[in-house]
There are 2 protein chains.
Amino acid sequence: MAKVADKYLKVDPWAIIEEGFDPERNRTSESIFSLGNEYMGIRGYAEEGYSGDSLQGSYFNGLNEQLDIGNHYKGIIRSLRYMVNAVDWLYTRISVNGEQLDLAKSKISDYVRKLDLRSGTYRRELIWHLNDGKSLKVVFTRLVSMTMSHLGLQRVEFEPLNFSGSVDICAGLDFSIIHEERGECMWSSLRSGEQGATTAIMARTANTANNLFSSFTLQSSQPLQLTRVEHDKFIGQNFTMELAQGESAYFTKLVINYSDSEAAHTAEELWSKGLALAESASQLKDTQIFADQTAYWNAIWETSDIRIEGDPENQQGIRFCIFQLYQTYHGDHPGFNIGAKGLTGEVYRGLAFWDTESYCLPFYMFNNPKAARSLLDFRYKTLPQAMQRAKHVDCEGACYPIATIDGTESCDLWQHSNLQLHVGTAISYGIWHYVKNTGDKEFLHSKGAEMLVQISRFYATRGQWGQQSGKYGYFGVMGPDEFQLMVNNNCYINLMAQKSFEYTLDTLREMKEQSPTAFAMVAEKTGLLDEELTDWENKADNMKIPVDEVTGVFEEHDGFFDMPHIDIHSIPVTEFPLYSNWSYDRLYRYDMIKQPDVLMFMFLYNGQFSNEAKLANYEYYESRCIHESSLSPSIHSILASEIGKPEEAYSFFEFATRLDLDNYNRNTREGLHTTSIAAAWMNIVYGFGGMRSDGARLSFQPTLPERWNEYSFQVMYEGVLLRILVNKTSVTLTAIHGGSTDIIVYGQSITVDASGTTLPLGEGMLAR
Amino acid sequence: MAKVADKYLKVDPWAIIEEGFDPERNRTSESIFSLGNEYMGIRGYAEEGYSGDSLQGSYFNGLNEQLDIGNHYKGIIRSLRYMVNAVDWLYTRISVNGEQLDLAKSKISDYVRKLDLRSGTYRRELIWHLNDGKSLKVVFTRLVSMTMSHLGLQRVEFEPLNFSGSVDICAGLDFSIIHEERGECMWSSLRSGEQGATTAIMARTANTANNLFSSFTLQSSQPLQLTRVEHDKFIGQNFTMELAQGESAYFTKLVINYSDSEAAHTAEELWSKGLALAESASQLKDTQIFADQTAYWNAIWETSDIRIEGDPENQQGIRFCIFQLYQTYHGDHPGFNIGAKGLTGEVYRGLAFWDTESYCLPFYMFNNPKAARSLLDFRYKTLPQAMQRAKHVDCEGACYPIATIDGTESCDLWQHSNLQLHVGTAISYGIWHYVKNTGDKEFLHSKGAEMLVQISRFYATRGQWGQQSGKYGYFGVMGPDEFQLMVNNNCYINLMAQKSFEYTLDTLREMKEQSPTAFAMVAEKTGLLDEELTDWENKADNMKIPVDEVTGVFEEHDGFFDMPHIDIHSIPVTEFPLYSNWSYDRLYRYDMIKQPDVLMFMFLYNGQFSNEAKLANYEYYESRCIHESSLSPSIHSILASEIGKPEEAYSFFEFATRLDLDNYNRNTREGLHTTSIAAAWMNIVYGFGGMRSDGARLSFQPTLPERWNEYSFQVMYEGVLLRILVNKTSVTLTAIHGGSTDIIVYGQSITVDASGTTLPLGEGMLAR
């Protein structure tokens, strides 16, 4: 846990600010200054062209390419999908008298970039000192619209400081972009041209034949004479702007990107729909677009802000997290999911993992329940792929993929894709958790129950009976702890599968009684048999959950307690990350764990374990955990808060909100740790706020970190927006809107309404 | 074990004969009719060109190419070596009046091919019926010389049956051969030309820059007018022969192939050495070469023949096995080893496995001890690579590769190359076994001891202490049974490592006392420390060898007895081979084993286990073994003989000698099962002959399979060639040459000399 911050950016409550240009940090900043609107995302790269090191990333959710893999074993995937780097729709080239602006070569000063969390815009400004002594101030502002998914906006302003003259501009759309991992461009041009004021191009991916339409129209402070430039995979317009000393001039590029990612179109359809969207967007004033964006974000902050007094760094950090979570996903598109790096980089290939249900879903459930439902809808939509995958691995029902962009398994390491069985349990947990906290039975009956049946089928066919133990469980698996590669009876998987069976049975029983029509539909659609219900009950009842009766410590898997011991503190710091410095096979033969596994289910089904059990397991596993996953520390922090270890809780929290801002893992250059960002939110709300959402009613056990004066967070619960404000002496709970609701605070049931309820800060809850 | 013979070839005691041409079986026959001389091997393909399905394979031992593999984990290999398909030195094209001979297109009759096991030649004859009504008899004979490694010979005879006229021939050397798995030609031409009567070409592999020189000179029944033909990667000579009706004419192509496989040369050196070899070979008469080859094989059969009366099929089968074993390896080149398919195909990439020491070494030890030593010399020669590999996987000492052609690890599946630790133990067992039975202490002192030290070091650093058991063992391993992919404390590995430690310690102790100078040299060279000896002793003494005290059954690995049970007989025949029909992950989660694991060590250290223990373990593991390895049945047969199950013993033997001749596994087309062929030899000698070579003296417990009238086999023991003849009533042991020796027969010590000793066939040893 020897993580060290790389402090660089300016601390500000509502913005991320970089002053000065550091080429060494450029890729890291490109990740941090990413913009996105769930539909598309764009890294904070220099749109005017940059000949230094840069990852010019432009991504569209769900838009993917296929890579074939040489493999001849059955059950191991033969091809995978990955998020493809797409059109550079910000393409701009700026020259004065033939000298071109390029931060790697040009002389510049007063460079500032700023991501404004309230307006949802990214702005760069600089003064360009030309070779002939001219100084030109340039300001770039961009946004991707949160209200119109397909709309991107770029505004470039010029102010000549010591001259009057002209600037030459090429504004374009460039599909010749290289996918970095593959080292090639995956696009071929289908069509390009102009219609009215719109300049457009459409291209197609090589293997998946996904089409993407991209277009722009220009607005400007002065009339523009456009000259079309076209070459392979590129279309643009050249124009010249006349500048007067001390006066500002600008042009705005309104971009419409329209892809196949939600539904397949013929190229012809896509082209004409794209042009229609472009035509209507061209009617908008850029000022109105900026205003709409600010209004959207205002509403978000009204609902979802976390306020921390006395800790400006974490204040900035948590707002950055919330901002990025909304940028990555807010549920407008049920066909999308959340890649491990969102739409900010190519590492992890844009794939969604079990992180979605285990780490991200609570944020959406309690801020934007519609988005939470959309995430579950994605799993419903991809149920056919999961059922195909189950067949592929000789099982029945639905085997959800460990990594996916379109519902098909896309992890090319068989040891992960064939052994990590816990995605299905994460989804059934997600359904349970979502329905419990939102009361959305409609979803449960129309989609959830069907998924539960197919998930249970998978777990009923993948499992086996131990010959000596006579118990049911899973052999040849990898649990969440990826440092135990292929084991039998991983306690997490066994317990989660047991819960999954039980919830399925409960759901079906309740539906049969209370909603017989819905039940009949599910039963018919899935061909459900009575014997299956008996079978699942039997397997759940006889699931092997190994626990040491004396210590109360769960055994992570069969034989874990005999695994050779290593004192993790004896490992030299230089050997981290172990994945890079240890022989691959060596990682897997110690009692060392990568991330919470037993502790993870103690977090998820928190109410079912005594404090003693939590303490015993925390002490045992925390001392063996090296946190070689960015998802790990927050779970430890939450449990540490609960069992009365506030200092450890804070220590695990320390880099949660600023993991990327301070580049703790030194790999932010590859993209943001988007799903970890969700864990940072949980760390505050479930950790310090002590919220628990796995019981009959939502409950809180707030604590206040020693270094903070006060903090507040908000959660949406059964239609009521609750604000929980914690200061050094008290906790105030208020229903901001939606009426009143019953919750539990420090073990006592209370009704919270608009007038608010104040309680003393819980005993022992003030950290030393 | 539902293997079914595909009976096709003619049964003959000294030859393999195919009558008629079956394109469907062509590849299978190409494998069976392979010729080799350890240095080079050539499949039985049609040298005149064949436009149908064929694997035109020409291989040189040790000659390899490199393939880079995309992998970024430490300890997993990043490139591998594989045996490259090389020059078609038999290249011949035959036309009459522009019509070219091609078995896929031409009309032919009286086609016969024959592999003569006594002359070591392969002959094809046919009558070619031309479109214009002419009939031409053509006879192709080839050999690769067992006495001159670099020499190959091809003789082509023509006899026009109903016409006189001319035949046009092109005889050449073709490097444009495609490596089938890679789908490309790995060769680029370096040089070609003529010198005197020699036509030569030299080419180089793309990545490893291995050079191969190839040349020919021609002899003929008539003077030839040659016209050189040259194009990229090819050189040849065109000539015309005049044929008279009813008269035979021939030409002979004497080929010299000379490669870098033993030692690196500059291209210049190789070219001139090759030309010198070609010049001296051109002085030889082809009749003399044929005679030398026959004489060589006569000597082999004098030493190594196994005679079976009353079973013509197995008689042919076992001689084919012995023939192929000598063709693949006879120890002239210490830099070579035995690929799983010898020099007969590209599957398994020409790589040598632990099969060499575990399955092949006994054949050589008891037939050709010099060859056995050469095999161990290969391991000594590649000790540096094994030491490098140990470092690569974070260990010390020597980690011998699971699959190799040049000493470097070349298995690209990490689960095998990083987890299958038993190669080192196979080598230390091989040293022990070889030295025990040959008395070659010189080898032990000069090379063996050094290897033993480095092997022990590896096992002392790769192993760990169980936290609960307090025992030493190996975590995260795969034993010989490849159906248990990643387990802890595989009993085979643990026991073999224990034996390896003990033998190392015994050897060093004995050397220190009896050969202090040799000991000092080893100690110095290896930097041996006294603490290491203590450490190894401690680890050997505390090795975990799990056994059920009640039943006496060894537990294959921690938790094996709890593995879910499957009745292997319940698996439908259509699902075999399971590797092709089951999801990869599913193979690994039953109490089903692929090949002997516990039973393997009971075979290797046979004398240390009681008959009861053997019976108990045989009953337990045999019923769980699906023999999805061609190496498996013979070990079961040998143990079945020992524990008094003669019918099972015969049933497991049934396809041992004819695995390829009758194409039991339906994959002989890919190449011969060369290392299984060695197991067939063991099956007769150790199984029916009841030989044991792990005790103080060589011992025998002969039985006679019910279907046989009589059989005899021969073994070289301490310089004495023993013949063991078994008939329905008696066993006669004779020292054919080399004086006399003491052995044990049916538990009694006897001295065998040239006069022979006859004993009654052991009680209960005549099969029912």
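Just so you know, glycine gets a Cβ as well, placed from its N, Cα and C.
Copied over from TrEMBL, here are the features:
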type	residues	note
ACT_SITE	B:E482	active site, proton donor
BINDING	B:W354, B:D355, B:K594, B:Q595	substrate binding site
DOMAIN	B:17-259	domain 'Glycoside hydrolase family 65 N-terminal'
DOMAIN	B:319-682	domain 'Glycoside hydrolase family 65 central catalytic'
DOMAIN	B:691-752	domain 'Glycoside hydrolase family 65 C-terminal'
Among B:D355, B:E482, the most crowded of the recorded positions [Cβ within 10 Å]: B:D355
C-beta crowding around B:Q595 (substrate binding site), within 10 angstroms: 22
Integer Cα-Cα distance in angstrom, B:W354 (substrate binding site) to B:E482 (active site, proton donor): 13
CB within-chain contacts under 8 A for B:K594 (substrate binding site), separation at least 6: B:D481, B:E482, B:F483, B:C625, B:I626, B:H627, B:E628, B:S629, B:S632
Summary of DSSP states over the domain 'Glycoside hydrolase family 65 C-terminal' (B:691-752), given as helix, strand and coil counts: 0 helix, 38 strand, 24 coil
Max pairwise CA distance, angstrom, over record-listed substrate binders B:W354, B:D355, B:K594, B:Q595: 16
Shell list (substrate; ref centroid = CB of B:W354, B:D355, B:K594, B:Q595; cutoff 8 A): B:F353, B:S358, B:P480, B:E482, B:S629, B:L631, B:S632
Neighbour count (Cβ, 10 Å) for B:W354 (substrate binding site): 23
Mean predicted confidence [pLDDT] for the domain 'Glycoside hydrolase family 65 N-terminal' (B:17-259): 96
B:Q595 (substrate binding site): secondary structure state under DSSP, collapsed to three categories: coil
Secondary structure of B:D355 (substrate binding site) (DSSP, helix/strand/coil): helix
